[in-house]
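Note sheet for the following structure.
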Amino acid sequence: MIMFKRDTLLSEFIPECKDWVFNKQVVEVFPDMIQRSIPGYNHLIFMIGVLAKYCVQEKSQVYDLGCSVGTVSIEIQKNITVKSCKIIAIDNSPAMVECCRSYIKQHSNSDVLVEIYENDIRKVSIQNASLVVLNFTLQFLHPDDRQELINNIWKGLNPQGVLVLSEKFHYVDKDLNTLLTNMHDNFKRDNGYSDLEIHQKRCMLEKVMLTDTFETHVQRIQNSGFQNYGLWFQHFNFGSFIALKKGYTSGFF
């Protein structure tokens with residue numbers, strides 16, 4: 001049985017600030033870390049599960065790109081109501097994939113198959129998809145690769161297929177960006193993180209997690225071919241888009 005720990009990875013001073021990696025140490029504290037770092041995270045996962053009830057099509061595939069420990073995949077799995085579907089969960093971190101396999105095995109209570117792969121999501125062929133989830137994943141890819149990935153997702157989605165794209169944003173307006181960043185820092189303090197932990201993590205993520213503006217995300221979604229899209233969740237500078245492939249009708253839900 002997997003026993004996750006409380007995140008204290010950066011509670012002591014680190015002389016050299018190295019780039020962030022999703023290694024075994026991070027995996028062991030990941031659920032605690034993400035719940036204490038991303039406002040509204042648990043509710044967003046719940047919402048994705050609710051969405052799966054409506055949009056997952058019979059004999060189709062669901063993709064969880066950047067699946068981490070498998071929380072999204074499990075939530076989707078338990079909400080699928082149609083037959084002959086499978087979930088494809090992909091992450092490029094060996095430690096995450098190993099943990100995800102154990103987590104899925106431990107928590108799965110459905111006959112919906114979950115296939116878990118260690119792979120680069122930029123190299124994955126999206127096929128026969130009714131739902132694709134990118135949950136705080138795109139921001140870790142090189143900016144030059146992001147449009148092509150969204151294009152590939154659009155091509156691989158079935159008519160009436162849905163993309164969920166969750167990301168941390170930054171804003172062109174410096175005052176607004178500063179306000180929301182400060183509010184997010186206070187959120188982390190309220191969840192037990194010290195100023196040292198907040199500073200050291202920001203330093204480690206600086207060259208690894210490159211956020212986009214809201215406008216950049218909208219333009220990228222439009223460029224890929226999506227015509228129906230919108231922001232369905234936001235908390236401070238974290239948000240989630242939902243985009244529907246052409247073929248969606250008002251009677252679909």
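Think of each number as a place in line: the chain as shown, counted from 1.
For all residues, glycine too, the Cβ spot is worked out from N, Cα and C.
Here is what TrEMBL records for this protein:
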type    : residues                                                                 : note
BINDING : TYR41, GLY66, CYS67, SER68, ASP91, ASN92, ASP120, ILE121, ASN135, ARG202 : S-adenosyl-L-methionine binding site
DOMAIN  : 62-161                                                                   : domain 'Methyltransferase'
Cβ-based isolation winner (fewest other Cβ atoms within 10 Å) among the binding-site residues ASP91, ASP120, ASN135: ASP120
Residue counts (helix, strand, coil, in that order) that DSSP gives for the domain 'Methyltransferase' (62-161): 41 helix, 28 strand, 31 coil
Count of other CB atoms lying within 10 Å of the CB belonging to TYR41 (S-adenosyl-L-methionine binding site): 19
TYR41 (S-adenosyl-L-methionine binding site) - helix vs strand vs coil (DSSP): helix
